[in-house]
Amino acid sequence: MSDRTMARQVLLFIWFLSLSSALGQVSYSIPEEMAKGSLVGNIGQDLGLDLKRLKSGKARIYTGDSAEYIELNKERGVLLIKERIDRETLCGQTTPCALHLQIILDNPMELFRVTVEITDINDNSPLFKRDERRFEISESAVVGSKFMLEKAIDADIGANDLQSYFLQPTDHFNLKLHGQSDGSKKVEMILQKPLDRENQENMSLILTAIDGGEPPKSGTVQIHITVLDINDNAPVFAKPVYTAMITENSQSGTPLITVSASDSDKGTNGDVSYLIANSDGVSDIFHIDENGLVILVGKIDFETAKHYQIDIEAVDNGGLSDSSKIMVDVIDINDNAPVITVMSKSNAIPEDSLQSTVTSIINVNDPDFDSNGLVHCSVNENIPFTIKSTSNGFYSIVTDRNLDRERESEYNISVTCADEGVPSLSSSVTLSLQISDVNDNAPVFDKGSYEASVQENNTPGLSIFTVRARDADFNQNARVSYILEDSSVNGVPVSSLVSVSADSGVIHAVRSLDYEQIKYFQFRVKAQDGGSPPLSSNVSVKITIQDQNDNAPQVLYPVQSGASVVAEIVPRSADVGYLVTKVVAIDVDSGQNAWLSYKLQKATDRTLFEVGLQNGEIRTVRQVTDKDAVKQRLTVVVEDNGQPSRSATVSVNVAVADSFPEVLSEFTDFTHDKHYNDNLTFYLVLALAVVSFLFIVSIIAILSVKCYRWRRERMFYKSGANLPVIPYYPPLYADVGGTGTLQHVYNYEVCRTTDSRKSDLKYSRPCSESIISLDSSGTQTLTHAQRAKLNNEDSFDQQKPPSADWRFTQNQRPGPSGAAATPEVAMGTGPWPNPPTEAEQLQALMAAANEVSEATNTLGPGTMGLSTRYSPQFTLQHVPDYRQNVYIPGSTATLTSNQQQPQQALPPPQAAIAAAAAQPEPPKAAQTPASKKKSTKKDKK
C-alpha cells in the first residue's frame, strides 16, 4: 500500500471521529477479511460507559435485517468480529463501504449509533472470463490487421484495481490500449508480420493483466492462433506401385493394404480422397475408403483368380491429383472345416450306469482333400467320458468311469474335431447330458448329537428345537422325513413326552414336563428319505429340563396340628443365644430355587427371639426376664430363592417357664385361631351334606335294586317247574376245605326246567378257591374274610345242639307247605333218603339259613333269608317246599322256582314239641338215586 493511500485513510478516519463526536455516535475503520474474534474497538471507553452499565443495561447490538458481522463483548466492553467480512461481497464497487449498528441499553433506555467502515485490501486478482481465446487467421492476412481481446476484471477498488496489460511473445503481434470514459481500457492485438502456415501453423500467446496493489496481483489468458491454409500443393503417393496378398475365402471387410498420398496444404485444401480407376469388375471385389484402406467387399477364390491389379487415384479438393496401382496375389488355404452331425443323443443317464455306456453317436465330415480332410476328434478334459471311433467318420461318446450325481449333476460334453490342414480348422459341438439320481445317499444330520433344554411346566405343543438332516440325493430321494424311534423314559413311552414333525423336524413337547419327575431324557430321531428302498440314519437327542420355582417350601418341623397345642419350653434362666427350636423345611426344587431362608414374620416379643436366616434356628437374643409373658407365639416365614419366590409360614408356640405345671396353667386356655375354627366348621358342614346326599342316593339305589329283583322273582316263579330235591346230610359236618359246610369238596350239577329259558347251571369249587360263585340267573360271591368270619362262628368240630324250644310238626316237614304226612313219607320213599328227626331237620335247615343270612342278604331271585341261627327271636316265616326249592350244600345260594306257596306260621314251641313226640318215627326209606350218587362220591373221597 502506498504512502498516499495510507495518508488518505488516516484523514478519513479522523474525519469520521470528529463527525461522530459532533453527532453523538462512534465510528471505526477496519480492513476487510479480519479473523473472527478480532478487536474492532473499545465501545465502552469510546461511549464513556463502564462495564457495570453495559451489564446492568443489558447492552445489545441491533443491525436490522443485515447480517451480524460485529458482536458486543459485555465482559470487556469491546466490539469483536463475529463473521469474516468481504468488502466486495458486502458493497461491491460502492465506496465508502460501512456497517451501521445501534447499541441499545435499558434502565435507563439509551441508543448509540456505531459506524464501522470496511476498507479494501488487495485480496482479488484480475480475472478474465475465459481461460483461453482462439483465433483462426489465414496465411494471406495483411500486416496491421486488428483483433479485439477480452478485458480483465478486478473486484478491488482504488489503487488495488487493474492497471496494465502485457503480451508475450511479440514476434508477429503486439498490443494497443485505448482509454474508455468509465476508466477502463480497450485492448487490441495488431498483426505486425506476415503469416506462413507451412512454416508455423499454430501460435500460442499469453496476455497478462496486472493491478496496482502491494504486492501486485495478475491474471492471464491463453491466446491460440491457427494459421489457415490456401490450396497451393498437389497430392503425392508414397509409392508408384503397391503389392499385397490375400487368402481365398476371406470375409467381406477384410483389410488388404493401406495406401497414402500426402498434400502439403491444410484444411480442405489438404484433404485427399481415393478412388479405384479400374473399369472391369475389380471395383466390385475391392473398395478403398477415404483413408486409403483397401478392403475386400466381394468373394475371392484361388481357383477363380490368382492375381488382381487395382488402379488407384488420389485427388484433393482443389482438383489436383496423383495415380498409382496395387498388385494383389491370392493365397490358397485350408478353407473347409469339419462338419459335425449328431446322429443319436441321450438326454439323461442314471448315475449307476456301467462303464463304456454309450451316450451319443456323431458323424464328422471334412470336404477338404489330402491332409486337410483328415480329422481327429476329442472331448474336453476332466469329465468321465471319452470318444471312440467306430467306423469311417462315425464316433461314439461313452463313459470311462463311475458317475456320481451328487458331485456333478450335469455335464456339457464339448466334442472338438480338427483337420490336419495348416492352419488346422476345427469344429465343435456341445452335448448336454443330465445325470439322473439314484437313492445312494442316506440323510445326514447336521450334528452328531443334539442337546437342548426346556423349562418345566411348559405349554403342551411347545416347540423345543429343530433337528435337521440333509440328503445329497435329488427330488423324492432327497425328501427327508423325521420319525421318533420307540423308546421309554422311566417306563413311559418317549412319544408321550415329545413328538417330532415329520416334515420340518421340529420337536414339540407333547405334555407339560416336570423337573422333579424327569431331569433329562434321551431319545433317537430317525431321518428317512423318500427313495425306494428308503435309506435312513438316526441321531441321539438329549433334552434337559430346567427347573422352575413351582414348589413352595414344605415345613417338616414343627408339625402343624390343629388337634393339640405344641409348645417349646424356654427356662427363664436361658442365656442369650439359647436354642429354642429349629424350623426344618425342604424344597423339592433344585438349585437356587431350593435355597431356603428363614425370617421372623410375627412375634409376641420381637426383642426376645430371632431366627437364623440360613439354618432356621430360633434363639434368644437377650436374657429372659420375669416380665416376659409365658405364652409366646412366633410366626416364621420360609422363603426360597426362586424368581418369583415362594414361601410357607409356620407358627411356633414358646412357653417361657421353669416348670411344666406353669406351662399347663397358661396353655389350657390356648384356643385355635378363628381362621382354623372357621375352616373346621366349613368342612364339618360340607361332610354332613355329602354324607346325607350319599345316604339318600343309597336308599334310592337299594329300593331300585329291590324292585328290580322282585320283578325278576315274579318272572322266575311263574316258570312253574319242579326242581330236583336236595339230599339230606347229617348235622355232624365240618368244612375241611375252609370254604363250605361239607367234609369234602363236591361238584354239583343242577338242571332247571326248559321253562326257565336259561342254560344249565354248573357249580364247581376247588379246595383252593377263596370265592364262592354261582353262575346262571344270578351270581353271588363270598370273600375270604367273610368266609373266615363264618368259619369262626359256624364251623366247629361239633355243631351246636338244637334248641329244645323248636320242633317241626309232621305238617311242617320239608315237602309241600302245610301238607300232612303222606304214605310216601311214612314208607320212606319220599324226598328224604333216611327220614331224619325233627331236630336234625331243623338243625340242618337253620345252619344253611344262617350262612345265607350272614354272607349276604341281597341274593338273587328265590332267596329265603334267616337273620339269626339259634336266637330266641328267630321266627320261621314259612317252611320252604323242598320240591320247589334247591339248596346247594356248601353254598350260600338258594334257588326257588315258585314264590306263590302259601305261608303257614309255626305253632307255639310247646305244641311243636308235643306234635313231634306224638308222631311216630317213619321207617327208613330206600336210597334215592341222588343219595346213591352222593354216597359214592363220599366213598371215593
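For all residues, glycine too, the Cβ spot is worked out from N, Cα and C.
Annotations in TrEMBL come from automatic prediction, not curation.
Summarising the annotation, TrEMBL assigns signal peptide to 1-22.
Mean per-residue pLDDT, taken over the domain 'Cadherin' (29-128), amounts to 85. As annotated by TrEMBL, domain 'Cadherin' applies to 29-128 (among others).
The feature domain 'Cadherin' is assigned by TrEMBL to 129-237 (among others).
In the domain 'Cadherin' (238-340), the DSSP tally of helix, strand and coil residues is 7 helix, 48 strand, 48 coil. Per TrEMBL, domain 'Cadherin' is recorded for 238-340 (among others).
Among the features that TrEMBL reports, domain 'Cadherin' is placed at 341-445 (among others). In the domain 'Cadherin' (341-445), helix, strand and coil residues by DSSP number 4 helix, 57 strand, 44 coil.
Per TrEMBL, domain 'Cadherin' is recorded for 446-555 (among others).
The domain 'Cadherin' annotation in TrEMBL covers 570-667 (among others). Under DSSP, the residues of the domain 'Cadherin' (570-667) split into helix, strand and coil as follows: 12 helix, 43 strand, 43 coil.
Among the features that TrEMBL reports, transmembrane segment is placed at 680-705.
Feature annotation from TrEMBL assigns region 'Disordered' to 783-837 (among others).
According to TrEMBL, the feature region 'Disordered' maps to 895-941 (among others).
Feature annotation from TrEMBL assigns compositional bias 'Low complexity' to 911-930.
Feature annotation from TrEMBL assigns compositional bias 'Basic residues' to 931-941.
Here the domain 'Cadherin' (29-128) is broken down by DSSP into helix, strand and coil counts: 16 helix, 37 strand, 47 coil. Secondary structure of the domain 'Cadherin' (129-237) per DSSP, as helix, strand and coil residue counts: 3 helix, 55 strand, 51 coil.
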